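Enquirer: Would you mind keeping the following structure in view while I ask a few things?
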């Protein structure tokens with residue numbers, strides 16, 4: 001008489017259940033996005049909703065705030081995006097696009113959820129009014145200031161020397 005223990009199908013089912021038990025936790029872990037991945041997904045959403053002609057790409061991501069471990073809790077985010085040369089209608093990833101020279105820069109704040117299954121974000125972006133100092137402008141302004149200061153010093157030396165020259169009375 002054959003017992004269930006001798007059945008080859010029971011061994012296979014046991015193996016399948018064991019493998020499923022090992023794979024399921026990996027699938028759950030894979031559904032949690034990193035902070036940066038969640039922000040990049042939010043930028044994809046911003047690009048889809050945008051009425052602007054070109055795509056935006058992440059320019060600067062503020063440091064990740066300390067957060068709890070629950071991926072379903074909204075996490076605060078703040079970052080800056082800049083306009084790229086790629087049209088919004090392209091199928092290209094924004095990360096593959098170059099920034100547009102003098103492209104529009106936007107400051108974005110809001111919340112994201114790290115649970116990939118929920119894929120939720122609430123972000124608002126406004127034109128960034130902060131001035132980004134370009135190296136060329138910095139050096140030009142520094143050169144102008146040094147030039148003005150140099151002229152002022154030369155004039156003071158000339159004035160000093162003129163006062164040293166003995167005056168002759170006519």
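Cβ atoms are placed via backbone N, Cα and C, with glycine included.
The model shown is predicted, which means the values in this text are computed figures rather than measured ones.
What Swiss-Prot records for this protein is below:
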SIGNAL    1-30  signal peptide
DISULFID  86-97  disulfide bond
DISULFID  108-125  disulfide bond
REGION    150-162  region 'Active core'
Enquirer: From the Cα of residue 97 (disulfide bond) across to the Cα of residue 125 (disulfide bond), what is the distance in angstrom?
Expert: 20
Enquirer: Is it possible to get the count of other C-beta atoms within 10 angstroms of the C-beta of residue 86 (disulfide bond)?
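Expert: Other Cβ atoms within 10 Å of residue 86 (disulfide bond): 21.
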Enquirer: Looking at Cβ-Cβ distances, which residues of the chain lie under 8 angstroms from residue 97 (disulfide bond) while being 6 or more apart from it?
Expert: 55, 57, 84, 85, 86, 90
Enquirer: Looking only at the region 'Active core' (150-162), what are its DSSP counts of helix, strand and coil residues?
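Expert: Helix (H, G, I), strand (E, B), coil: 13 helix, 0 strand, 0 coil.
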Enquirer: Just how many other Cβ atoms lie inside 10 Å of the Cβ on residue 125 (disulfide bond)?
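Expert: Other Cβ atoms within 10 Å of residue 125 (disulfide bond): 20.
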Enquirer: Can you count the other CB atoms that lie within 10 A of the CB of residue 108 (disulfide bond)?
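Expert: A count of 22.
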Enquirer: Provide the three-state secondary structure of residue 97 (disulfide bond) computed with DSSP.
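Expert: Reduced to three states, the DSSP call for residue 97 (disulfide bond) is coil.
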